[in-house]
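Positions annotated as disulfide bond by Swiss-Prot, on the basis of similarity to another entry: 10-29, 16-27, 36-43, 40-57.
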């Protein structure tokens, strides 16, 4: 797995794999962002009330999870 320092940040990690050590886990990030990170393999557009184009990475990836 990639080093923790090089992973994209995620404020709210949703579903995660259950591996040991914890650094081996991949998660789905629940953050809605202006642009998906480079390593995202399934970037989906999210409908918002503001009309601004926002996206969510819906694939399991390596993140630095805040929560």
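Here the Cβ of each residue, glycine as well, is placed from N, Cα and C on the backbone.
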Around the Cβ of residue 29 (disulfide bond), the count of other Cβ atoms that are within 10 Å: 24
Lowest local Cβ density (other Cβ within 10 Å) among disulfide-bonded residues: 10, 40, 43, 57: 43
Candidates 16, 29, 36, 43 (disulfide-bonded residues) with Cα within 10 Å of residue 57 (disulfide bond): 29, 36, 43
Sparsest-packed among the disulfide-bonded residues, when each Cβ's other Cβ atoms within 10 Å are tallied, from 16, 27, 36: 16
Spatial separation of residue 27 (disulfide bond) from residue 10 (disulfide bond) - C-alpha basis, Å: 9
By Cα-Cα distance, the member of disulfide-bonded residues 16, 27, 29 nearest residue 36 (disulfide bond): 29
Residue pair residue 29 (disulfide bond), residue 16 (disulfide bond) - Cα distance, angstrom, rounded: 9
Alpha-carbon spacing, residue 27 (disulfide bond) to residue 43 (disulfide bond), which is rounded to whole Å: 14
